[in-house]
């Protein structure tokens, strides 16, 4: 049956027709005066006045305390904080074990989740670690534990203003966790201000970069370079590249298996994940220069110590980067392989590696370039290479030789950057 044309046209109310007509006849000036769309009026959400007022009050009070407009002075304390490190770590590990069991038993009391395989393994490992540190506290020898000594710290005076500011910062952090935008912005601004409040830093620091007489004399002494010294730079420069290659190789080879244990989707057990993450975070916190100095005590002066120091630091950083690359893979190919009956090794080979491979290669190449630069600094502590002759010429005020060394190093870094870009374009 045919439908009349009139029935196919939807009905329009008179109010709707009037609104459309008004929108069509608006002039450009009226459109300019028109307010934003309803969805764009509050881009940060509805203003929560209680959180905003609390955040503003905390921020204002913190600013007054930091600027010493309100000054409560300091208090003589003379407090001495002392505790055995081994005993403290052992007790904390035991409390962590009890917390791990108690939380699972409390959340699911009708199940045996707290007696599952993972819970038992975690509890046994935590108990073993706690026993290791507690035995060390009992001075039972290096085979039964390690003694970390007694921590001692004396508080001579307490700055009341600083103490109150710390309390206000914690309050602002709590307000920021409650989705207070003002508290988050206040914390960010305060953190940036604190980072820039280094003693002696200011606008004059930038002015001195361009007007310092000593800096001008240094640059004048560097030109023209003494290119006859270039023959003395070739071998140390090649040694620097060799050190970077060896350090990167140590980092990549060690990071590949560790990253599997440090990724949430491939680790065999949460305890192994936490242990590996703790180890790599500890190694990442130590600069490569310090690691090279430690390696000197084991292998002596020379490029090997520098390569080991850079390699250990590269291993820690690359493990974190590789683990994050493995965690970012899509789960659909993995589920498809698991549905076909593939084992863990095949899933890792065909489901994870193809997705993470570009990031693994990119991170490895980038850290190779970084190690070339860092190996120059490591040489200052006896690691050998171009950094060693750079330090020697700086000590002898041979700035014409220094300019040759710097120019050679810059040229090598540029060439390595071009080579790495070419490799990325071919592999990725």
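Placed from the backbone N, Cα and C atoms, the Cβ positions cover glycine too.
No curator has checked TrEMBL annotations; they are predicted automatically.
Small disclaimer: the values here were computed from a predicted structure and weren't measured.
Of the candidate ranges 15-35, 120-140, TrEMBL annotates residues 120-140 with the feature transmembrane segment.
Looking at 237-262, 315-340, the range tied to transmembrane segment in TrEMBL is 237-262.
Across 49-70, 160-178, 185-203, 237-262, 347-368, stretch 237-262 shows the highest tally of CB pairs under 8 A with the transmembrane segment (283-312).
If you look at the transmembrane segment (49-70) against the transmembrane segment (347-368), you find fewer than three C-beta pairs under 8 angstroms, all six or more positions apart, and that falls short of contact.
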